[in-house]
Amino acid sequence: MAHRRLIMTMTKMMMMVTMMMMMDKTCICADISRGSFPKGFVFGTASSAFQHEGAVKAEGRGPTIWDTFSHTFGKITDFSNADVAVDQYHRYEEDVQLMKNMGMDAYRFSISWTRIFPNGVGHINEAGIDHYNKLINALLAKGIEPYVTLYHWDLPQALHDRYLGWLNPQIINDFAAYAEVCFQRFGDRVKHWITFNEPHTFAIQGYDVGLQAPGRCTILFKLTCREGNSSTEPYIVGHNVILTHATVSDIYRKKYKAKQGGSLGIAFDVMWFEPESNKTEDIEAAQRAQDFQLGWFLDPLMFGDYPSSMRSRVGSRLPVFTGSQSSLVKGSLDFVGINHYTTYYARNNATNLIGTLLHDAVSDSGTVTLPFKGLSTIGDRASSIWLYIVPRGMRSLMNYIKHRYGNPPVFITENGMDDPNSILISRKDALKDAKRIKYHHDYLSSLQASIKEDGCNVKGYFVWSLLDNWEWAAGYSSRFGLYFVDYRDNLKRYPKDSVHWFTSFLNSTS
């Protein structure tokens, strides 16, 4: 009965948010600026170490699973790697000045675990410590606040070789030791910590479908992967990530928070899902899709356990929190980071034939999520095949978080769109990115409405990304940056039109 009441409650919540989505959309076209947002609202750009730094063998850095994966033939769309990336390791001062020129308040970047501990554990690489001290100090000297991510997918290869990394609970202690060194060495200046970036993505892409490092899966009769278990490993990885986050949070709160005055959160990848129809089964399917995405990680951190839909559908394959673990996990964050790019339709998957064939975690939700209904797409497409432009989804998602999780502090830790990188597109034409300007204008308008009209507790917004960069399995085929990086001319940075738009936006208080 309790389970049925919960389903009814969540169904009503999905219906309410869907109705809000259909409300007056005039805010989407409203003129906005920094002054449209609350005083103290943070604007910044985001990056990750592996996608931006390059210098993979410089000054004692150890190899990561993404070094291995990107050098494996056929894994990257354009057969590239991130050995150089956009060379931010050497050009950080130039890039910090670009942020300053725009009027950005903050920079979200990640620390490479193997620059601090080349083998994941053991001796500390002081050259790595020195590099991040220089970056943090350079940011602060320009009035830019560092928001530091401790893990953005670049697991030390040594730990994967030794005990399969996130599949082994040993990683909890090893990551905690790494995190504590970061708190000790950087915490006097870093006031916002993010433990993990998109655990849902690296659990699914790395351990279910095998399209990202470390490339483990059993779908399609192991045609694309040599080892793994797509029906169990994603849940084991997710469980160990949640326990690791909670352990690190406990350490920070007990030993560093009072002295350093910082806060600690985690960043999730979150699509919004609209029911494909007003049928109850599709509304419930949209809720399940969200349970198996955001709820998988945020429910334990807020409530101490996984969503009931996951418990009932995954069964014994879903790990169980002990009583003490549940207490440790519950409430172990100060803010929620949301990486939001797009919205899909969701419908009930009554037959689940594909799920029966694949027998993997993706199919467990019993939903089909697609960016089109019939012959119509949900919005215009960016360059990436998965990224459709649906600004209203931002407002709907913020309201969902408000109502389900009690309106916690939220930072939009990533939002952006890409253009294709093609030799047929001249640099002159690539700088004319009106589509990106409209994307950010409309998503920011939707976000502003969620704050001003709906009372959502959103504290900041980070653009992905300052620079074009190496986009994981897509390599250099995709350009997300506000600045164009010329890969054929010494990685020179050129401002796109969106830089000028953001500069005007950030320097206007009207």
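One is the number of the first residue shown, and numbering goes on along the chain from there.
Using N, Cα and C of the backbone, Cβ positions are placed for all residues, glycine too.
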Looking at Swiss-Prot, which one out of Trp166, Trp464 binds beta-D-glucoside in the same site as Gln51, His152, Asn197, Glu198, Tyr341, Glu414, Glu471, Trp472, Phe480? Trp464
For Cys225, what is the disulfide-bonded cysteine listed in Swiss-Prot, choosing from Cys182, Cys217? Cys217
If you count the other CB atoms within 10 A of the CB of Asn197 (beta-D-glucoside binding site), including all protein chains displayed, you should get 24
Round to the nearest Å and give the CA-to-CA distance linking Tyr341 (beta-D-glucoside binding site) with Asn349 (N-linked glycosylation site). 24
Considering all pairs of residues in Gln51, His152, Asn197, Glu198, Tyr341, Glu414, Trp464, Glu471, Trp472, Phe480, annotated in the record as contacting beta-D-glucoside, what is the maximal C-alpha distance expressed in whole angstrom? 18
Please state whether DSSP places Trp464 (beta-D-glucoside binding site) in a helix, a strand or coil. coil
Give the residue from the recorded positions Gln51, Asn278, Asn507 that has the most other Cβ atoms within 10 Å of its Cβ, counting over every protein chain displayed. Gln51
Nearest recorded site to Trp472 (beta-D-glucoside binding site) by CA-CA distance, among recorded positions Glu198, Cys217, Cys225, Asn229, Asn507: Glu198
